[in-house]
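Asks: Feature list, courtesy of TrEMBL:
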- 21-44: transmembrane segment (TRANSMEM)
- 56-74: transmembrane segment (TRANSMEM)
- 86-113: transmembrane segment (TRANSMEM)
- 119-137: transmembrane segment (TRANSMEM)
- 165-185: transmembrane segment (TRANSMEM)
- 197-217: transmembrane segment (TRANSMEM)
- 246-273: transmembrane segment (TRANSMEM)
- 285-302: transmembrane segment (TRANSMEM)
- 314-334: transmembrane segment (TRANSMEM)
- 340-362: transmembrane segment (TRANSMEM)
- 374-396: transmembrane segment (TRANSMEM)
- 421-443: transmembrane segment (TRANSMEM)
Amino acid sequence: MVDMVAGKGSSSTVALGRGSVFFYGVGHMLNDITAACWFTYLLVFMTDIGLSPRNAAIVMLSGQIADGFTTIFAGELIDRFGHFKVWHAAGSILVAISFSSVFGGCVPCIIFGNESTWLQTIGYSFFAAVFNVGWAATQVSHMSMVNCITLNSTSRVVLTSCRNAFSMVANLSLYAVAFLVFHIWPSKTTGEVENQYRWIAYSSIFIGCCFVVVFHIGTKEPRLKEDFHGEYGYQKIAWTYWFKKVLYYQVALVYVFTRLITNVSQAFLAFYVINDLRMVQSSKALIPAMIYICSFIVSILLQELTWTGQRLKVFFSVGGVLWILCGSAIFFMPSNTKKMMYLLSLVIGIANALITVTGVSMQSYLVGEDVKGCAFVYGSLSFLEKMSCGFALWALESYQNTSQPLKECNPMYSCFSVSRYGFGLVPAICAVAGVVVTCTMKLERPRLRPLKVPLLE
């Protein structure tokens, strides 16, 4: 088993080895691959099997609300009691069981022998909520571990970058499976559609669970040791401590805008390429795959950099500007120029990697040495992000069936559908706001005082 910090008595500010980074990085693979399927295909799946866009939006919103509140409670309980890996394992089990229930069919409908719309909506909403409860527990425990593994600021960014890189691997795995399913087994009936997504979901769970096992085998439980006087070097930090920091609100806004950009654009990508650009069915797997291939490459390159607060701000701003340009192009692109989407997907991949790695890493700068409050920071910021994304997706998807019929559009001109707003305009606006907030931040290099004992056993 790999020890993530040098032996006892060594400084906790020493840079981590590649093995330690790798084992940590794969720990979020199950969450990432299921989330990619969730945001890319859930709304499409729900509408394809007969639910109205409004009911599909309710299913998505129920999951986001459950996710948001779970992050708050999970963050507080992890700060209070620790046991990161226990939370991670429990959350992963819930994710695997409930995710298969969402895409595997309406369980209450099978039990009661009733295929009514309201029962389908309730059934899918319940398992969506359970899925997001498990997802949140896994996310908060995994993200907050970074600050208890090491106090080295560069190593923290490297851990985040590695986690993001394997997130790209998870997404690519999903889209590879989806491309094969859509290409080899075309669907014409509702039953065939359900079988397609069932294969995609089960494959995702299997791949993700394999990496969860690797994470738990290779990673030790991080926890603060007692010092020589029997007291903890870092006491539990009250919530109000964070609310007095201006940087907390700035980082929260940047993180929320980052997740709105990536999640909202991902949710409407499939609708956009099929309905607006009139591309082939396999493109709803190929285009996302190109985005994540590019993101993966950039994330790997980012691991080689030495990070400072100023560099985080610069790289986030570059990613934001790229998204502003891409969002504008997407919003006005007519269907007869659909081949440009392949080029835009590469730029979007670069932008996503830049804003995700730097946006999440800003949280580590906010936490600094205050590791006994780090789970609350990640939990509260995730709460804001989940609620924002949930209501944004609900509002957009609720109007999906009231948008102008796209078949009547002239290929020379773009029709301003809900998909264009979700995939182009909303991310561009969030990118503008994120860049503005980033420019006002003061990310000073944390002054780390040495610990009497290492952070990990």
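Cβ atoms are placed via backbone N, Cα and C, with glycine included.
Curation plays no part in TrEMBL annotations; they are all automatic predictions.
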Asks: I need to check the long-range neighbours of the transmembrane segment (340-362): which residues 6 or more away from its ends have a CB within less than 8 Å of a CB in the stretch?
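Replies: Contacts of the transmembrane segment (340-362) (Cβ under 8 Å, skipping residues fewer than 6 from its ends): 143, 156-157, 160-161, 164, 167-168, 251, 254-255, 257-258, 261-262, 265, 273, 277, 279, 287-288, 290-296, 298-299, 302, 307, 312-313, 315-316, 318-320, 322-323, 325-326, 329-330, 333, 431, 434, 441, 443.
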Asks: Any contact between the transmembrane segment (119-137) and the transmembrane segment (56-74), i.e. 3 or more CB pairs below 8 Å with pairs at least 6 residues apart?
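Replies: Contact criterion met.
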Asks: Ranking 56-74, 197-217, 285-302, 314-334, 374-396 by Cβ pairs under 8 Å to the transmembrane segment (246-273), which is first?
Replies: 374-396
Asks: Which one, 21-44, 56-74, 285-302, 314-334, 374-396, has the most C-beta pairs under 8 Å toward the transmembrane segment (421-443)?
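Replies: Checked against 21-44, 56-74, 285-302, 314-334, 374-396; highest Cβ contact count belongs to 314-334.
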Asks: Residues of the same chain, at least six outside the transmembrane segment (314-334), with any C-beta under 8 angstroms of its C-beta?
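Replies: Residues 254, 261, 272, 277, 302, 340-341, 344, 347-348, 350-355, 357-359, 362, 410-414, 416, 420-421, 423-429, 431-432, 434-435, 438-439.
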Asks: Quickly jot the same-chain residues contacting the transmembrane segment (21-44) by Cβ under 8 Å, restricted to those at least six beyond its ends, or write none.
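Replies: Same-chain contacts beyond the flanks: 2, 4, 53, 56-57, 59-60, 63, 88, 92, 95-96, 99, 102-103, 128, 131, 135, 138-139, 142, 145-146, 149, 155, 158-159, 162-163, 165-167, 169-171, 173-175, 178, 197, 200-201, 204-205, 207-209, 211-212, 214-219, 263, 266-267, 269-271, 284, 288, 303, 393, 397.
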Asks: Output the single range from 56-74, 197-217, 285-302 maximising the number of Cβ pairs under 8 Å to the transmembrane segment (86-113).
Replies: 197-217
